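Notes for the one structure printed next.
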Amino acid sequence: MSKPNQTLGEFIIENQSDFPGSSGELSRLINSLRLAAKVVNHEVNKAGLVDIIGAYGETNVQGEDQQKLDVYANNKFIQTLTNREIVCGIASEENDDFIQIEGHKGDHQNKYVVLMDPLDGSSNIDVNVSVGTIFSIYQRVTPVGTPVQKEDFLQPGNKQVAAGYIIYGTSTMLVYTTGHGVNGFTLNPALGSWYLSHPDMKFPEEGQIYSINEGNYIHFPQGVKDYIKYCQQEEGNRPYTSRYIGSMVSDIHRNMIKGGIFMYPKSSKASEGKLRLLYECNPFAFITEQAGGKASDGFQRIMDIDPTELHQRVPFFCGSKKMVEKAEEFMANAKANPQSQEFSFSSK
């Protein structure tokens, strides 16, 4: 039961009963993530005053130019989790391979692994657009006491223990789930504490916002083009409006509050999709489903996909349940009728 002015620490302690036999390890892990987020938030807020914006001069494993804040955030989250000896391994979008972590005694007694995108949307930081951190937590599948292995990270999203994101915007929020609903906490910068501000967050079943980079329209699959036309068509007084920030955390956060769909399909420029299954799609799929929404690759549930590599990419559709289902309907019809250039938009 949420309480007025409840802090994140109080909330975590109160809800440990959701996990019978819990040792408190997951609680300490989430506490460590909130600490790292506060440190990163401090740097994001003064980015225009110090030499921490702009390109770092290197590319990550994705072939993307690393921003200085990408590197800073990645280092801070890894350092915080490593120093507290509460995880056995970390995989980051910014690193080629996973990181094995052992305790100060040289042992491997911890049972959780963390996968993360330390700073999503960082290319927008120069123009003062909100950015965010995305994280996902799993229990390892290899024996405790042994070094973590790749298979500990290559688990389907339905095995997640917890997932969340931090949005660094006009206010800083941490939103997360442990499989018992979604709750949002806002940082009070004067006190340095996170307070429960958005209890039991839910996607409206139907929404009015569709979020997609329409500049890539010509490269999209026919089903996606058809769905966009459906949203734009005036016939039937459809209430849809396009809103796209270009920061995944910001777009999905808004859509969860207002109601809408976020889409990043495959395209002729990115045949497998662009977003990472493990670092971006799985955590947001878990959050979305716990908030009453839906997440898929256009044809199947995201969290049922068995990953084959750490940096695997997939198409991604998530948001209000009815909007995602309608997009899937257009995708299915385009696949079943490949010769047809347009689907009938008369359906309600």
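Backbone N, Cα and C atoms are what each Cβ position is placed from, and that goes for glycine too.
Per Swiss-Prot, the feature Mg(2+) 1 binding site maps to Glu93, Asp117, Leu119. Here the Cβ of Leu119 (Mg(2+) 1 binding site) has 30 other Cβ atoms within 10 Å, regardless of which shown protein chain they belong to.
Reduced to three states, the DSSP call for Glu280 (Mg(2+) 2 binding site) is helix. Within the same chain, residues at least six positions away from Glu280 (Mg(2+) 2 binding site) with a Cβ under 8 Å of its Cβ are Glu93, Asp117, Asp120, Ile134, Met248, Phe316. Sequence annotations record features per position, and here Swiss-Prot assigns Mg(2+) 2 binding site to Asp117, Asp120, Glu280 based on sequence analysis.
Per Swiss-Prot, substrate binding site is recorded for Asp120, Gly121, Ser122, Ser123, Asn213, Tyr244, Lys274. The Cβ of Asn213 (substrate binding site) lies under 8 Å from the Cβ of Tyr244, Gly246, Tyr264, each on the same chain and at least six residues away in sequence.
Here the binding-site residues are Ser122, Ser123, and the one ringed by the most other CB atoms within 10 angstroms is Ser122. The Mg(2+) 1 site is defined by Glu93, Asp117, Leu119, and by the 8 Å test on Cβ atoms against their centroid, the other residues of the chain that qualify are Asp70, Ala73, Asn74, Ser92, Glu94, Met116, Pro118, Asp120, Ser122, Thr133, Ile134, Tyr279, Glu280.
Its Cβ placed at the centre, Glu93 (Mg(2+) 1 binding site) has 23 other Cβ atoms within 10 Å.
The binding-site residues under consideration are Asp117, Asp120, Gly121, Tyr244, Lys274. Their Cβ neighbour counts within 10 Å are lowest for Tyr244.
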